[in-house]
Amino acid sequence: MSKLAVLGVLLLALFALAMASRTTIITTVVEEENPRESQKCREQIQRQQQLPHCQAYLSQRSPYELALNPQEQEEQEQYLRQCCQQLENIDEECRCRAVREAVRQSQQGGGRQAEETREMAQRARDLPRRCNLEPQQC
């Protein structure tokens with residue numbers, strides 16, 4: 001009977017441990033594209049020099065941290081304005097691809113925590129909406 005109780009406690013502990021640990025999985029979707037359209041998008045992104053202002057905007061700290069520093073908050077807003085200008089120069093059908101490329105470039109530095117990566121992904125998804133551009137979300 002005591003062996004059964006010990007086994008039950010071990011299973012319960014294992015279950016609790018499994019529930020407590022979380023894994024962040026980032027999924028990359030590769031879209032099937034027309035080769036000519038794909039080339040056109042690559043050229044537009046290249047003309048915008050890989051969207052450095054969008055990379056800077058996406059790489060900034062969380063809005064909660066920025067709220068503590070008005071100078072950094074103004075810098076963030078400036079990056080957003082400049083990013084929106086860059087995205088305006090890219091055709092609508094290429095914008096989400098451009099945003100994904102900016103995220104990829106921003107992440108190359110590495111060293112990001114899971115929470116920072118999630119925040120960056122959320123900012124990237126909402127970026128066209130923040131710029132009042134279509135599509136509204138990537």
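Using the three backbone atoms N, Cα and C, a Cβ is placed for every residue, glycine included.
Listed ranges 31-54, 103-126; the one TrEMBL annotates as region 'Disordered' is 103-126. Residues 24, 26, 57-59, 62, 99-100, 102-103, 106-107, 137-138 of the same chain lie 6 or more positions beyond the ends of the compositional bias 'Basic and acidic residues' (113-126) yet place their CB under 8 Å from a CB of it.
Taking H, G and I as helix, E and B as strand and the rest as coil, DSSP gives the region 'Disordered' (103-126) the counts 18 helix, 0 strand, 6 coil.
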